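What TrEMBL records for this protein:
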DOMAIN    20-331  domain 'Amino acid transporter transmembrane'
TRANSMEM  27-46  transmembrane segment
TRANSMEM  52-73  transmembrane segment
TRANSMEM  109-127  transmembrane segment
TRANSMEM  139-157  transmembrane segment
TRANSMEM  164-183  transmembrane segment
TRANSMEM  203-228  transmembrane segment
TRANSMEM  240-265  transmembrane segment
TRANSMEM  285-306  transmembrane segment
TRANSMEM  345-363  transmembrane segment
Amino acid sequence: MGHELKISTIPLLESSSTGTASKIQTLGNIIVSVVGTGILGLPFAFRIAGWLAGSLGVLAAGFATYYCMLLLVQCKEKLASQELTPETETYGDLGYKCMGNTGRSLTEFLIFTSQCGGAVAYLVFIGQNLSSVFKGHGLSFSSFIFLLVPIEIALSWIHSLSSLAPFSIFADICNVLAMAVVVKEDFDKVISGEFRFGDRKAITSSIGGLPFAAGMAVFCFEGFGMTLSLEASMKERRGFASLLAKAFSGITLLYVLFGFSGYMAYGDETKDIITLNLPNNWSTIAVQVGLCLGLAFTFPIMAHPIHEIVEGKLRNSEWLRKACYKDAAFHLKLFGSSLRFWEKALDYIFLIGGLLFAAHGTYNSIIGF
């Protein structure tokens, strides 16, 4: 019975009980997991809702996201203080302990769907932007995606969040620089153009515009699926709440500045993606390339919850636990000289595949987060 309980509650990615990531590394991972492509639509949301309503909406969405992420950590700590079962490491584990198998299945389905959708959206965004930047070089939209996929697969094999931190920090720098270029262009437009603050509405008269702006504000804050993994990756977990608060304070203020300046610069001409308002010069190319680099190194973080779910299912599956790589080795040893070519090839596939699974599982167990 105890063995069955242990198997059913095993964390999706086995890790050491103590994380290895420093505060700086965790901060980089938090920022890259929260910031997404939705920020490019914020100025348009400010145009629809008004600069005051838009600012308040972003502030409310930022606070709500931060608060809900803290609730996840508090639920995890509550369960840890009450139970002797293995520690809750993921969203799916929390769903299982609160609502049983139904809670785990529903939670993991939603997380898997949202993270897969986000990862695909990143690839599409990168492919579209790079194909527009390098128009005359004979590479199509799909070509850029095919070139990018091997790199993303290699990065996604890094499951330790502390090891991913340098890539996350680089992605953060690229995103911030790209946004800084957009804000600079906004201020240049305000200074050089015929700008009147009174022409910019504070709150829209159309009630229908407010839900859209609210949805856009919520869409800008990602990272729910990474909450427990980020907290578990820290060396000093007690500092996670304050670190999360600092990260969200900075991100929320940056979002408000980005949306406000974009709307102030272009007014009713603000387009749904702010980069479409930029002049066709070096600044637009810099923003596109910067965002593409940022998203390329954000992809492994987006894929991390997918690994947790898929590898957990494989690890707990009966057929994988009974992997026949030993049987293949025995078969080769006893019948090696009499085996046909295809039989030998099949045995080697089983043998090498089983060893790779074992090595990969050992690596995750030792390195952890």
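Note: Cβ is positioned from N, Cα and C throughout, glycine not excepted.
Proximity of distant same-chain residues to the transmembrane segment (139-157), defined by a Cβ-Cβ separation under 8 Å and at least 6 residues beyond the stretch ends, is recorded for 123-124, 126-128, 130-131, 164, 167, 296-297, 299-300, 303, 307. Remark: the transmembrane segment (52-73) makes no contact with the transmembrane segment (109-127), by the rule of 3 or more CB pairs under 8 A. Scored by C-beta pairs under 8 angstroms, the transmembrane segment (164-183) has its highest count with 27-46, from the stretches 27-46, 109-127, 203-228, 240-265. Within the same chain, residues 29, 32-33, 36-37, 40, 90-91, 111-112, 115-116, 118-119, 122-123, 125-126, 129-130, 132-133, 148, 151-152, 155-156, 158-159, 161, 164, 167-168, 170-172, 174-175, 177-178, 181-182, 225-226, 229, 275, 278 sit at least 6 positions outside the transmembrane segment (285-306) and bring their C-beta atoms closer than 8 Å to a C-beta of that stretch.
Tallying C-beta pairs under 8 angstroms between the transmembrane segment (203-228) and each of 27-46, 109-127, 240-265 places 27-46 first.
Nonlocal intrachain contacts for the transmembrane segment (109-127), taken as residues 6+ away from its ends with a CB within less than 8 angstroms of a stretch CB, comprise 36-37, 91-92, 141-142, 144-145, 148-149, 152, 222, 225, 291-292, 295-296, 298-299, 302-303, 305-306, 309-310.
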